[in-house]
Amino acid sequence: MSQAFSLYNELTVRQNLELHARLFHIPPAEIPARVAQMIERFMLTEVEDTLPASLPLGIRQRLSLAVAVIHRPEMLILDEPTSGVDPVARDMFWQLMVDLSRQDKVTIFISTHFMNEAERCDRMSLMHAGKVLASGTPQELVQQRGAANLEAAFISWLQEAAGAAPETPIPPSQTPAASGKPSRQGLSFRRLFSYSRREALELRRDPVRSTLALLGTVILMLIMGYGISMDVRTCVLPYSTAIKPSVVRHGRSIWRDRAILSNSRRSPAMTSLTGGCVRESWRLPLRSRLILAAILLAVRQRRLASGWMAPCPAAPRR
């Protein structure tokens, strides 16, 4: 149970409990009785049909605890569960945790900054800067420092840890530093099998994800392959010279206006277009011809019309 509530705000209190009961694989026949027990035990009867977002912080803490213990776990880890809660709700929350520990025999690990809460634990560890300063029962820690209370003992441990810190910097190690470049390793079949097994388990447990990962890729390949084309199969050439066709320049200086193709139907260009030998006809300067020639070399079914056209081969005689 973390500080961020693992609750679904679009579901009511009862619906949250029922959903988590199914997620924890509780038998369906036991879910109604288990949900009713959690609602009564954690005093949620008056708000069982209310959304969690509209509940006070203390009630949401109780609901989150009920969700965490609905499957009767043997161990419970709580990360500052009473942070931001008023003293009355904090005492009520701790009473629920004491009942879980004494009656249900649940082992509870809790992190807190409040010394009065730490005194209620059977055993505790004082930590500072990621290091454990002391461990034991609250009474033992107080007696070891000869302090009046647990808070004074903790301050004494902190002062001792601060005094033990070296004032002079530690000299650098004489051993050569490890190279930042990782060493190359060969193929590990064990690592390959572990990764493959993990991915297979995820795909098997999530059919929607497996469907999108396998079939979705094939469907996208077919759509991209057959649905999108950059080919220009139809070209309109004006026969009248009275109206000059417009040229889209796209802001590039290499595209310039040139005379249109010959209007004569007997010209090589028109013969090639009408005969199907040429799909596209371009009027380009020499610089652009060299650029496009390199691009169109791989397209065998096209013929480049750049100021000259090769006539279509004669049709075979019958």
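Including glycine, each Cβ sits where the backbone N, Cα and C put it.
TrEMBL annotations: computationally assigned, not manually curated.
The annotation domain 'ABC transporter' is assigned in TrEMBL to 2-83.
The region 'Disordered' annotation in TrEMBL covers 165-185.
According to TrEMBL, the feature transmembrane segment maps to 207-228. Cβ atoms under 8 Å from those of the transmembrane segment (207-228) belong to no residue of the same chain, restricted to positions at least 6 beyond its ends.
Looking only at the domain 'ABC transporter' (2-83), the predicted model's pLDDT averages out at 88.
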